[in-house]
Amino acid sequence: MTLSAMLTDLQAINRLLPQTQCRECGYQGCLPYAQALLHEDAPVNLCAPGGEAVMVDIAALLGKPRVVPVKTQPKAVALIDEAACIGCTACIRACPVDAIMGASKFMHTVISDECTGCGLCLPPCPVDCIDMIPSEQEYLPAARSLSRSSEARFAAAEHAQSRFDWHTERKARDEAERKAMLAEREAAVKAKQAQTQAETQAAAKPAFNPMDLIAKAMAKAQSQQDKLVASDNREAFKNRQIEEAKERAELRRAQRDVKYGNEEEKAAALAYLRRYKAEQEAAKEIR
């Protein structure tokens, strides 16, 4: 098979996939799965969001028998509990189509029409403030403006593919800019060091004073100690904030399960709430 034919086949397979980049198939996105289908004889039934329709089309394209999908993924979009969000930006970094807006230490929100329902934002959230809400859309994302296809399935996939391509290009551009900034900063530091060294060598050497040397060493040691203490305090404060947010999230989840969970969830939630109340009362007695 020629390179041109291989590329054509790869594009044809990739076009059939929903481009959610959810990784439910076990590969790092839709294109890697398409490559595995073409080169590694991967099963045709691994695409969870695509379900039976994608499996049937891939099997027909590759001339393979149809098989039942390993699993199917219901259509759902992410929703952030903005009151619980701590602004850590973990979900923003995880989203493959830049469908989450926000900034560090500020509330985040999901652009629901751009969400592909991949669920990649859920695992990195440290306070469990993201839920997947069922969607009435037959295909995700709901936005289709970046596609020219008249078929809803392919219009959604092409739109998501464009958003993913932009996301990938932006990350590469940001990384290149970061490296350039670091290189520029390093060059400036080296230039300053060279200038300082030249000025020092050009100046007449002062008479050696042991007391000055001792005073400088003590001042440097004190400065380093102050920096370490400040850094430790900031890190401890940050960790304490995260732990408190996690505790609030767990309390909300238990309160929700007591009302709406199944019997097992209600029992676990009730046990947690009793333990939580006992801990709070014990803390009050200590104070």
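Every residue gets a Cβ built from N, Cα and C, even glycine.
Annotation source TrEMBL lists domain '4Fe-4S' at 5-64.
The domain '4Fe-4S ferredoxin-type' (76-105): residue composition by secondary structure is 5 helix, 7 strand, 18 coil, according to DSSP. As annotated by TrEMBL, domain '4Fe-4S ferredoxin-type' applies to 76-105 (among others).
The feature domain '4Fe-4S ferredoxin-type' is assigned by TrEMBL to 106-135 (among others). For the domain '4Fe-4S ferredoxin-type' (106-135), the model gives a mean pLDDT of 96.
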Using DSSP, what is the helix/strand/coil residue split across the domain '4Fe-4S' (5-64)?
34 helix, 0 strand, 26 coil
